[in-house]
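Scroll down for the structure; my scribbles are underneath it.
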Amino acid sequence: MFSIINPSDDFWTKDKYIMLTIKGPVEWEAEIPGISTDFFCKFSNVPVPHFRDMHSPGAPDIKWITACTKMIDVILNYWNNKTAVPTPAKWYAQAENKAGRPSLTLLIALDGIPTATIGKHTTEIRGVLIKDFFDGNAPKIDDWCTYAKTKKNGGGTQVFSLSYIPFALLQIIRPQFQWAWTNINELGDVCDEIHRKHIISHFNKKPNVKLMLFPKDGTNRISLKSKFLGTIEWLSDLGIVTEDAWIRRDVRSYMQLLTLTHGDVLIHRALSISKKRIRATRKAIDFIAHIDTDFEIYENPVYQLFCLQSFDPILAGTILYQWLSHRRGKKNTVSFIGPPGCGKSMLTGAILENIPLHGILHGSLNTKNLRAYGQVLVLWWKDISINFENFNIIKSLLGGQKIIFPINENDHVQIGPCPIIATSCVDIRSMVHSNIHKINLSQRVYNFTFDKVIPRNFPVIQKDDINQFLFWARNRSINCFIDYTVPKIL
């Protein structure tokens with residue numbers, strides 16, 4: 001329904017934009033005399049768009065949102081035909097409430113069109129809207145269709161660059177700021193691209209990060225520092241440890257930090273501290289089993305998977321919930337054993353999606369692949385392979401003990417304690433020959449054997465399915481004393 005800007009386009013493009021503002025009626029019949037009842041058929045049975053803040057207090061009503069989408073079509077059709085632009089114009093739009101009156105703000109790329117002609121085009125746009133949208137009835141609203149000028153009273157046409165959106169409009173926080181910019185996802189991608197360009201240039205210059213927290217330009221240092229610390233707390237509370245996750249969650253706060261001096265370094269610093277804070281103060285379970293919506297457990301794919309593999313879902317859920325909560329003592333590992341296609345990897349991947357700090361270890365344990373797993377909340381040991389040389393370290397790791405592994409004479413890495421998921425096609429106890437070693441593994445592992453391949457039409461397990469299942473299991477926990485193998489229902 002909306003055109004988009006190509007995410008690969010340079011954010012600092014030479015494209016310039018004009019800004020049109022269209023005021024809407026508070027009372028349609030009173031402020032647009034002569035409007036027919038048929039006119040409102042355009043607005044019936046229209047689904048609510050999936051935009052941000054649509055249901056917040058003060059958001060534009062659906063009638064105005066629908067009117068905006070139709071007016072945008074009329075304006076762009078005129079613009080692309082009458083101005084003879086070589087390609088369809090790039091644009092951004094936003095509907096909002098200003099002082100109780102609905103409003104539409106539209107940025108349209110000039111694409112070489114002389115600014116001196118904008119007044120003429122705006123007059124013609126008014127006429128086209130009256131004819132093609134308002135069915136020939138002119139709104140009785142002062143200055144209902146205007147374009148931005150350099151002065152409040154008069155002046156030339158004000159021209160904007162695309163950076164005006166994130167660096168000015170998105171910085172405004174007000175109750176009526178609703179229905180954020182229509183191409184917000186693409187804008188986030190473009191902002192991410194600038195960020196990557198900035199980070200290269202700034203790291204080449206090796207800036208002094210202290211300038212960002214304690215600027216010399218008169219900025220309130222204490223206020224800026226407290227805001228930065230508040231941002232770190234917000235990131236860690238939500239489990240945000242990557243730039244992509246930050247942009248998806250709140251592009252506005254990301255851009256606010258990016259626009260500061262050396263903001264890209266600040267972003268990296270905030271994410272780095274957020275990771276350390278999460279690792280020091282949170283458990284994996286803190287990011288799971290928080291559900292505020294109703295659901296039917298029998299339709300949950302995790303519940304269905306355990307039933308398919310002949311496990312008691314309550315027992316399985318109890319084990320997983322308490323294991324993620326560090327409440328099973330030395331039993332720090334769950335193993336999902338089974339052939340390809342049995343659902344073990346799909347289940348594990350969905351668990352990890354909920355947890356911001358996680359690692360995946362492939363195959364055997366060695367010094368080359370340890371450094372990346374020093375600060376994780378959950379470790380997935382995929383296709384686990386146990387060798388005799390490192391068995392004591394493996395035993396400690398599976399048992400939830402902190403281990404310090406030497407990398408070289410001057411360096412080491414600390415791993416754990418963190419819950420571990422081990423997946424394999426064979427029972428991990430078959431990888432060792434000593435009965436002592438088998439006993440050690442039995443004391444540290446809950447073993448789920450998946451012996452059935454899931455059907456092709458089996459639903460894909462999503463991260464929310466894990467949340468629902470563990471939330472359900474948390475309220476039905478049972479006492480369980482299991483040596484190694486989780487029993488199946490006969």
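The first residue you see is number 1, and the count goes up from there.
Cβ atoms here come from the backbone N, Cα and C positions, even for glycine.
Feature annotations, reproduced from Swiss-Prot:
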- Gly338, Pro339, Pro340, Gly341, Cys342, Gly343, Lys344, Ser345: ATP binding site (BINDING)
- 1-210: domain 'PV NS1-Nuc' (DOMAIN)
- 312-463: domain 'SF3 helicase' (DOMAIN)
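Structure coloured by features recorded in Swiss-Prot.
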residue: Gly338; record: ATP binding site; Cβ within 10 Å: 20
residue: Pro339; record: ATP binding site; Cβ within 10 Å: 12
residue: Pro340; record: ATP binding site; Cβ within 10 Å: 8
residue: Gly341; record: ATP binding site; Cβ within 10 Å: 15
residue: Cys342; record: ATP binding site; Cβ within 10 Å: 22
residue: Gly343; record: ATP binding site; Cβ within 10 Å: 22
residue: Lys344; record: ATP binding site; Cβ within 10 Å: 26
residue: Ser345; record: ATP binding site; Cβ within 10 Å: 16
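Under DSSP, Pro339 (ATP binding site) is assigned to coil, being neither helix nor strand in the three-state scheme. Within 8 Å of the Cβ centroid of the ATP site, not counting the listed residues Gly338, Pro339, Pro340, Gly341, Cys342, Gly343, Lys344, Ser345, the chain contributes Phe336, Phe450, Val453, Ile454. The secondary structure of Ser345 (ATP binding site), as reduced to three states from DSSP, is helical.
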